[in-house]
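In TrEMBL this protein carries:
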type	residues	note
ACT_SITE	Asp13	active site, proton acceptor
ACT_SITE	His41	active site, proton donor
ACT_SITE	Lys139	active site
BINDING	12-18, 40-42, Arg304, 330-332, 413-415	GTP binding site
BINDING	Asp13, Gly40	Mg(2+) binding site
BINDING	Asp13, Glu14, Gly15, Lys16, Asn38, Ala39, Gly40, His41, Thr128, Arg142, Gln223, Thr238, Arg302	IMP binding site
BINDING	Ala298, Thr299, Thr300, Gly301, Arg302, Pro303, Arg304	substrate binding site
Amino acid sequence: MSTYVVVGLQYGDEGKGKITDVLSAKSDYVVRFQGGDNAGHTVYVGEEKFVLHLLPSGVLQCKGKCIIANGVVVNPKAFIKEIETIESKGLKTDHVFISRRAHVIMPYHILMDTYREEENGGTQIGTTKKGIGPCYEDKIARIGIRMIDLLNPEVLREKIEKNLKVKNSIFEKYFEKPTLDVEEIYNEFLALGERLKDRIVDTELEINEAIRDNKNILFEGAQALMLDIDFGTYPYVTSSSPSTGGVCTGAGVPPTALQNLIGVAKAYTTRVGNGPFPTELDNELGENIRQIGGEFGATTGRPRRTGWLDLVSLKHACMINGINNLVITKLDVLSNIGKLKIATHYKTEDGKVIDYFTSSTTKLYNYEPIYEELEGWEEDITKARSYDELPANAKKYIEFIENYLGINVYLVSVGPERSQNIIRKELF
Ligand code: GDP
Ligand code: IMO
Ligand code: MG
């Protein structure tokens with residue numbers, strides 16, 4: 001019995017879904033605590049590919065309950081679509097529940113996100129246009145609509161009316177776009193509430209009871225620390241806290257209940273969307289890694305930017321999260337690409353060498369990574385299942401990361417499939 005938190009340590013898409021899927025087989029609960037359907041978590045079961053956006057990746061294997069907790073922003077239509085997809089593949093979903101406190105992504109959030117992104121032509125932040133930022137804004141401004149509101153016709157109508165007064169005026173006057181109709185949205189969301197009512201519950205009670213009953217509880221993060229609203233590369237971030245700290249507020253769990261803090265990092269770095277990326281390889285090698293690693297967004301299909309592993313940012317992410325177990329994914333992608341580089345320091349614009357991450361996003365664009373060069377390996381490692389089966393240079397690569405961060409790598413992932421793992425220490 002224990003609690004496990006799986007979080008991303010880079011810019012998202014580290015393979016959290018795959019790891020959550022593997023760990024969820026032994027979990028009584030799998031809980032999403034932040035983000036929304038901006039996430040894209042891929043799980044391969046044999047040849048079959050599942051991409052989960054809003055549902056916890058545990059939905060495929062967890063025998064207990066899957067919970068979308070209060071910190072998540074929920075697009076009910078996306079939720080239903082995902083439930084239907086999973087059910088069409090013969091799997092059950094009656095173990096999935098949503099917090100009554102979770103905020104609802106409304107059509108005006110999606111439009112606001114889209115219009116802002118498209119302002120002045122081009123993309124501003126490079127969001128997923130799922131309405132995430134505007135929904136969290138309304139939550140903080142205390143004008144948001146919560147899942148519980150979908151079950152109360154009077155409250156729902158009043159809130160939609162109030163919100164649309166302001167939003168419609170922005171759409172019309174500022175963006176010069178059409179306005180939305182109160183009646184249409186009210187009817188649609190009332191019907192969605194009716195459809196989902198049996199799944200809308202007080203999740204914090206159940207989660208805390210499960211903690212008291214010594215159940216295995218897995219908290220699944222979406223996005224990653226470098227996209228964290230406080231500790232990422234602001235403003236090129238998402239609007240939630242994808243850190244281990246986010247579990248406490250996002251699921252209603254006390255900090256003392258969190259035990260195994262599992263950080264997932266790719267053996268290199270990718271980023272989708274705008275923002276600084278010190279170790280980016282904007283060249284043929286970067287394109288090579290993109291092709292071999294299949295680095296295309298699971299939610300938007302956008303090509304992911306690729307680059308070398310950045311230990312400066314990884315150290316920052318491990319510090320903020322208090323990671324005590326590391327997972328390195330996609331080591332197989334680095335096979336046969338020659339010498340490998342790992343950033344250990346940055347050189348600032350005035351020539352200072354530093355090994356910590358900066359709060360100045362603007363300055364970061366001018367920082368130059370300082371690399372350690374490691375020998376690569378040529379062998380295909382996708383069939384390795386024990387650490388000893390890895391080539392010496394692949395082991396050196398892993399151990400270099402461990403030594404720099406002072407944290408053990410407990411799992412090395414060598415392929416997208418469930419079984420393609422090297423587990424050095426069982427956590428469960
Ligand atoms: P997430 O958002 O962190 O869950 O990650 P994504 O699912 O968006 O992206 C990770 C991609 O890498 C998916 O296509 C996975 O199937 C794939 N993947 C995960 N682990 C490995 C691995 O060890 N090797 C390879 N080659 N692919 C992996
Ligand atoms: P998973 O869970 C990678 C990025 C977007 C954009 C920024 C803000 O699959 O790792 P948002 O729509 O959240 O307002 O966009 O964050 N982003 C992700 N990048 N993986 C994700 O999720 C992401 N979710 C958001 O590309 O740069
Ligand atoms: Mg993803």
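Placed from the backbone N, Cα and C atoms, the Cβ positions cover glycine too.
Small disclaimer: the values here were computed from a predicted structure and weren't measured.
Feature annotations (TrEMBL) mapped to structure.
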residue	record	DSSP class
Gly12	GTP binding site	coil
Lys18	GTP binding site	helix
Gly40	Mg(2+) binding site	coil
Gln223	IMP binding site	coil
Thr299	substrate binding site	coil
Arg304	substrate binding site	coil
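Only Gln223 of the binding-site residues listed as Gln223, Pro303, Arg304, Val414 bring a Cβ under 6 Å of any atom of ligand 2; the order follows the sequence.
Straight-line distance linking the Cα atoms of Gly12 (GTP binding site) and the residue listed as 'active site, proton donor', rounded to a whole number, equals 10 Å.
Counting neighbouring Cβ atoms within 10 Å of each of the binding-site residues (Ala298, Leu331), the lowest count belongs to Ala298. Look at the Cβ of each of the recorded positions His41, Lys139, Arg302, Arg304 and count the other Cβ atoms within 10 Å; the largest number goes with His41. The substrate site is defined by Ala298, Thr299, Thr300, Gly301, Arg302, Pro303, Arg304, and by the 8 Å test on Cβ atoms against their centroid, the other residues of the chain that qualify are Gly40, Val272, Phe296, Gly297. Taking the binding-site residues Gly12, Gly40, Gly301, Pro303 in turn, the residue surrounded by the fewest other Cβ atoms inside 10 Å of its Cβ turns out to be Gly301. Each residue contributes its Cα atom, and for Gly301 (substrate binding site) and Gly40 (Mg(2+) binding site) those atoms are 10 Å apart. Screening the recorded positions Asp13, Asn38, Gly40, Ala298, Thr300 for a C-beta under 6 A from any atom of ligand 3 leaves Asp13, Gly40, Ala298. Recorded residues Gln223 (IMP binding site) and Lys139 (active site) have their alpha carbons 19 Å apart, per Cα-Cα distance. With respect to their backbone Cα atoms, Thr300 (substrate binding site) and Leu331 (GTP binding site) stand 24 Å from each other. Among the binding-site residues listed (Lys18, Thr42, Ala298, Arg304), Lys18, Thr42, Ala298 have a CB atom closer than 6 Å to some atom of ligand 1, in sequence order. Once Cβ contacts within 10 Å are tallied over all protein chains shown, the binding-site residues Asn38, Thr42, Thr299 are led by Asn38.
Thr42 (GTP binding site) sits 29 Å from the residue listed as 'active site', taking the C-alpha atoms as the reference points. Note on proximity: among Asn38, His41, Ala298, Thr299, Arg302, the recorded positions of the record, the Cα nearest Gly15 (GTP binding site) is that of His41.
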